[in-house]
Structure formats: C-alpha cells, structure tokens
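Participant: This is the structure I have questions about; it appears just below.
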C-alpha cells in the first residue's frame with residue numbers, strides 16, 4: 001500500500017454539490033428485518049427525487065445481486081458487506097448525491113465504523129425502531145418463520161442480537177402513524193439541518 005497515493009481531482013465534492021444545488025449526505029436506515037427500512041427510504045427518495053434532488057438508494061437485498069453477491073451471511077461476510085456498502089456510499093456522497101442506505105446493520109461498531117468515514121453532519125443515522133413483535137407479524141419474506149424453525153442461523157432479532165443505536169439522529173417506529181407522516185418527519189429534519197434549503201422544501205410540502 002505504500003506505493004499507492006491518493007490522486008486529488010480538480011473537481012471536488014463542493015463543486016459537484018453546487019452544480020446539483022444540494023448538500024450531499026448519507027441517510028443510514030437501520031433496524032430489524034421487516035421494520036420498514038426499505039419502504040421508508042424508498043418513499044423519502046421518491047419525494048426528494050420528484051422535488052429535483054439527485055439521489056440514490058442502496059438496498060440490503062439489491063447489493064447482494066452484484067456488488068456483494070460473493071458474500072454469505074457469516075459474521076465476517078456481513079461485516080464485509082457493510083464495509084463495501086460504506087465505501088460505495090462514501091463515493092456517492094463525494095459525487096454530490098443524497099444517498100439513502102437501508103441495511104439491518106445490527107451492531108453499533110459496524111455503524112460507527114461507517115459514520116467515521118464521513119465528515120461531521122454527512123452521516124445521518126435513522127433508527128427504524130419498529131418492535132420485533134410487529135416485524136415478525138409482517139414477515140414479508142417469511143424469514144422469521146424460517147428462523148423460528150431453525151432453518152436460518154444467525155438471524156437478527158431471533159438467534160443473533162440487534163444493537164439499537166444509542167444516539168441516532170432520528171428514530172421512527174413505522175407501526176405508529178402513516179408513511180406520509182414518517183416521510184414528513186424526515187423532510188422536516190433534513191430542512192432543519194440545512195440538507196434541504198427552504199426553497200426546495202416548499203416543493204416537498
């Protein structure tokens with residue numbers, strides 16, 4: 001690695017963000033399977049996109065079709081999965097995008113490691129705190145049933161722990177309220193911290 005030198009480009013993040021008229025950021029949605037991470041992140045992305053924002057949604061299932069298709073679900077492979085996603089998200093934020101990532105990401109150490117890659121204010125942790133009982137009732141992929149039968153090992157929430165964030169920027173329980181109000185809460189927060197400027201916020205009203 002000693003012979004590898006970082007090449008500084010003439011176009012930087014600030015210039016890319018200025019061209020797009022937005023402040024780049026990573027919103028990291030974490031929570032149990034079935035908590036509503038992908039649904040919430042997808043609804044927020046749709047709202048931002050329709051208001052003219054340049055966005056990209058990284059989804060836990062989708063990256064395993066390509067970027068991480070060589071990985072399994074051992075502890076080491078899950079760590080590597082998130083490491084890769086964190087690096088991709090960093091590149092996308094550097095490109096000036098508003099990036100949304102929806103991953104169980106069960107440990108604080110994993111999430112804090114990804115946060116550490118970003119400048120202050122460019123990593124926003126969104127804890128989708130829907131209770132296990134509700135997630136298990138939803139079970140959209142039938143995974144909880146399989147985990148209870150012992151057909152899936154190391155399943156987060158059943159046979160493997162989930163460490164809830166201690167100080168997430170936002171906490172949303174999708175079993176309370178409707179999707180529109182939950183997206184509104186996210187938009188209001190992004191406006192309050194300056195990710196969304198007031199003029200563009202009007203388009204999201």
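Just so you know, glycine gets a Cβ as well, placed from its N, Cα and C.
Straight out of Swiss-Prot:
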type     : residues                       : note
BINDING  : 31, 32, 33, 34, 35, 36, 37, 38 : ATP binding site
ACT_SITE : 105                            : active site, phosphoserine intermediate
Participant: Cα-Cα, whole number of Å: residue 37 (ATP binding site) versus residue 105 (active site, phosphoserine intermediate)?
Facilitator: 11
Participant: So which of the binding-site residues is most packed in, judged by how many other Cβ atoms lie within 10 Å of its Cβ, out of 31, 34, 36?
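Facilitator: Within the set of binding-site residues, the most crowded position is 31.
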Participant: Measuring Cα to Cα, how many angstrom lie between residue 34 (ATP binding site) and residue 105 (active site, phosphoserine intermediate)?
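Facilitator: One finds 13 Å between the Cα atoms of these residues.
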Participant: Excluding 31, 32, 33, 34, 35, 36, 37, 38 themselves, which residues in that chain have a Cβ inside 8 Å of the centre of the Cβ atoms defining the ATP site?
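Facilitator: Here the non-site neighbours turn out to be 102, 104, 128, 130, 135, 174.
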Participant: Taking 10 A as the limit, how many CB atoms besides its own sit near the CB of residue 33 (ATP binding site)?
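Facilitator: Around the Cβ of residue 33 (ATP binding site), 22 other Cβ atoms lie within 10 Å.
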Participant: Quick one: among the binding-site residues 32, 35, which has the most Cβ atoms sitting within 10 Å of its own Cβ?
Facilitator: 35
Participant: Does DSSP put residue 33 (ATP binding site) in a helix, in a strand, or in coil?
Facilitator: coil
Participant: Hey, of the recorded positions listed (38, 105), which one tops the CB count within 10 A?
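Facilitator: It comes out as 105.
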Participant: I'm trying to understand the geometry here, so how far is the Cα atom of residue 36 (ATP binding site) from the Cα atom of residue 105 (active site, phosphoserine intermediate), in Å to the nearest whole number?
Facilitator: 14
